[in-house]
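Undergrad: Input: one structure, supplied below.
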Amino acid sequence: MDRILARMKKSTGRRGGDKNITPVRRLERRDAARNINYDAASCSSSSAEDLSVSTSSLMTRSLEFPEPTSFRIGGGVGEMDRIYRSLGVSGPDDLAISFDAWEACKKRSSSDVVNRFKSFDLDKVRDQDLSEEGPSGVVVGSDSMNHKVQGQDLSEAGPSGGIVTELSEIGNLITPVDRLVADGVVENRRVMERTPTIVKSKGYLVPNNVVAVGVGVGGGIKGLRPPVLKPPPAMKRPPIDHRGSSWDFLTHFAPSETVKRPSSSSSSSEDGCDEEEGKEEEAEAEEMGARFIQLGDTADETCSFTTNEGDSSSTVSNTSPIYPDGGAIITSWQKGQLLGRGSFGSVYEGISGDGDFFAVKEVSLLDQGSQAQECIQQLEGEIKLLSQLQHQNIVRYRGTAKDGSNLYIFLELVTQGSLLKLYQRYQLRDSVVSLYTRQILDGLKYLHDKGFIHRDIKCANILVDANGAVKLADFGLAKVSKFNDIKSCKGTPFWMAPEVINRKDSDGYGSPADIWSLGCTVLEMCTGQIPYSDLEPVQALFRIGRGTLPEVPDTLSLDARLFILKCLKVNPEERPTAAELLNHPFVRRPLPSVGSGGSGSASPLLRR
């Protein structure tokens with residue numbers, strides 16, 4: 001305890017003693033040693049020398065670094081000046097060349113190779129007598145243009161029995177002279193001035209500034225070598241053998257057979273030829289049924305071919321057209337305005353060299369990817385089918401032509417467009433719908449009798465001419481029906497028949513599917529809107545698959561309603577054929593008489 005108290009006293013004493021400690025004495029100028037002999041000038045000079053030495057050493061060290069080979073421009077002041085100084089120029093003007101120097105450089109670079117050979121008149125050399133031939137088979141001749149080149153006197157002895165070429169000057173020409181020494185020693189002399197010669201060896205005829213010596217020349221290159229290489233042969237495109245190639249199909253769309261022109265024989269012989277060709281076409285149509293394969297979905301989804309809409313007019317020559325009987329020959333034509341878009345591409349108006357108007361379906365086959373093969377097959381089927389159809393209610397096919405990557409299909413021009421555009425402009429009354437329906441039935445009957453199914457009957461695919469004639473168009477999905485075995489789901493959903501949607505539950509579908517689509521088309525013309533218009537396409541598919549009929553308004557006439565409901569039978573076996581529907585009262589009614597021009601009665605086509 002005593003020890004602890006003693007330590008506490010000592011620590012307290014230390015703390016108190018710290019306050020009495022005197023601070024360290026500060027150094028002041030008066031305490032510095034006085035140097036009376038101090039010279040400020042000498043001190044400043046010595047310090048300047050030391051500074052210069054240190055600066056020079058730093059500069060010497062900085063020069064030891066390698067010069068920069070790349071520069072980074074950060075936008076600072078003076079960066080470009082440092083780059084110019086490192087390049088040894090004062091500014092950007094030193095990097096430029098004059099216009100005259102540039103033009104001279106271009107002329108020199110383009111004429112170095114070409115003009116060198118133009119200076120030699122090869123045609124004249126062929127007509128001249130060439131000099132004698134040495135043992136190596138090399139023939140040396142002089143050129144008509146003698147450009148003298150400085151040389152040197154070369155004299156050396158060749159082996160025994162050799163032939164040496166000696167150049168002798170006659171006027172302005174230098175001609176080779178072969179001289180054989182009597183004792184077998186060959187002497188080779190060359191004058192100081194020589195001219196370029198034409199050397200012909202192994203099929204080459206090239207200019208050469210070197211005199212060819214047969215044998216016995218010591219040193220250098222032995223024999224003759226032309227100064228330029230023989231150009232390679234022209235490259236040829238490899239033949240297209242791949243069966244899946246788009247170009248292979250494209251080249252076969254417009255066959256190169258002899259163009260069929262109208263014969264000058266009598267009308268009776270023409271009728272006989274037409275009958276024979278018609279029988280051949282029917283036989284080909286039957287054979288096509290076994291070769292057709294299922295095609296892709298609708299054109300809007302799978303076959304949206306591209307086109308150049310900006311090109312309003314262009315002239316295209318028809319390279320290899322094919323023509324049906326009675327069609328005019330189209331040798332040259334011009335593409336006009338865009339009329340619309342079909343299953344495979346854009347449709348334009350065209351005019352031939354004879355002033356005949358027609359429709360041109362332009363198909364591009366380049367950027368289709370995986371869908372190209374399917375669309376090409378679909379297009380090939382349409383062309384083959386159209387070439388066999390000859391009916392007043394079906395669009396007439398007039399031939400094909402190709403131009404680069406595009407295929408052009410020439411069709412009959414129907415001026416008023418589709419029924420879709422027509423009922424959007426006018427209100428179609430029952431009398432007009434009845435007239436149009438009868439013509440549609442005539443075309444369908446012709447197709448079904450031929451064994452074809454259209455598979456896409458709707459107002460957008462039915463065209464109207466100025467005289468009121470209705471024509472079926474867009475046969476991109478049409479198929480040959482054989483034993484009711486069409487099992488693919490094609491067409492637009494709103495016009496599809498139930499058996500087309502429920503193809504798994506049936507063996508396929510045939511011509512009754514077109515009758516269902518016809519009923520939907522008549523309903524569309526009467527109401528001015530598509531069937532199932534209040535549903536989405538997927539919802540419409542489910543409704544149709546379950547057998548739900550589209551709504552038929554009570555405002556329609558009784559004959560029109562009965563005709564539509566007769567077509568829209570869920571069971572395809574209960575639907576009438578096209579021939580039976582032609583006897584229906586709706587299509588057999590007479591047209592009401594339109595009032596005379598003075599009565600002022602409205603046209604039945606005019607929308608009120």
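Every residue, even glycine, has its Cβ placed from backbone N, Cα and C.
Just lifted these from Swiss-Prot, have a look:
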type	residues	note
ACT_SITE	ASP456	active site, proton acceptor
BINDING	LEU339, GLY340, ARG341, GLY342, SER343, PHE344, GLY345, SER346, VAL347, LYS361	ATP binding site
COMPBIAS	1-13	compositional bias 'Basic residues'
COMPBIAS	271-287	compositional bias 'Acidic residues'
MOD_RES	SER62	phosphoserine
MOD_RES	SER603	phosphoserine
REGION	1-325	region 'Regulatory region'
REGION	1-20	region 'Disordered'
REGION	192-234	region 'Binding with MPK4'
REGION	228-247	region 'Disordered'
REGION	256-287	region 'Disordered'
Undergrad: Taking only the residues in the region 'Regulatory region' (1-325), give me the average pLDDT of this model.
TA: 53
Undergrad: Please report the DSSP secondary structure of ASP456 (active site, proton acceptor), reduced to three states.
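TA: In the DSSP reduction, ASP456 (active site, proton acceptor) maps to coil.
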Undergrad: Measure from the CA atom of ASP456 (active site, proton acceptor) to the CA atom of ARG341 (ATP binding site) and give the result in Å, rounded to a whole number.
TA: 15
Undergrad: Sort ARG341 (ATP binding site) into helix, strand or coil using the DSSP assignment.
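TA: Going by the DSSP assignment, ARG341 (ATP binding site) falls within a strand, counted as strand.
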Undergrad: I'd like the Cβ neighbour count for LEU339 (ATP binding site), meaning other Cβ atoms within 10 Å of its Cβ, all protein chains included.
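TA: LEU339 (ATP binding site) is surrounded by 19 other Cβ atoms within 10 Å.
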Undergrad: Do you know offhand how many angstrom separate VAL347 (ATP binding site) and ASP456 (active site, proton acceptor) by C-alpha?
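TA: With distance taken Cα to Cα, ASP456 (active site, proton acceptor) is 18 Å from VAL347 (ATP binding site).
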Undergrad: Sort VAL347 (ATP binding site) into helix, strand or coil using the DSSP assignment.
TA: strand
Undergrad: I'd like to know which of these recorded positions, GLY345, VAL347, ASP456, is least surrounded, judged by other CB atoms within 10 A.
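TA: Looking at the recorded positions GLY345, VAL347, ASP456, the Cβ with the fewest others within 10 Å is that of VAL347.
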Undergrad: For ARG341 (ATP binding site), what is the tally of other C-beta atoms lying within 10 angstroms of its C-beta?
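TA: Within a 10 Å radius of the Cβ of ARG341 (ATP binding site) lie 16 other Cβ atoms.
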Undergrad: Measuring Cα to Cα, tell me the gap between GLY345 (ATP binding site) and the residue listed as 'active site, proton acceptor' in whole angstrom.
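TA: GLY345 (ATP binding site) and the residue listed as 'active site, proton acceptor' have their Cα atoms 17 Å apart.
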Undergrad: In whole Å, note down how far the CA of ASP456 (active site, proton acceptor) lies from the CA of LEU339 (ATP binding site).
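TA: It is 20 Å, counting Cα to Cα.
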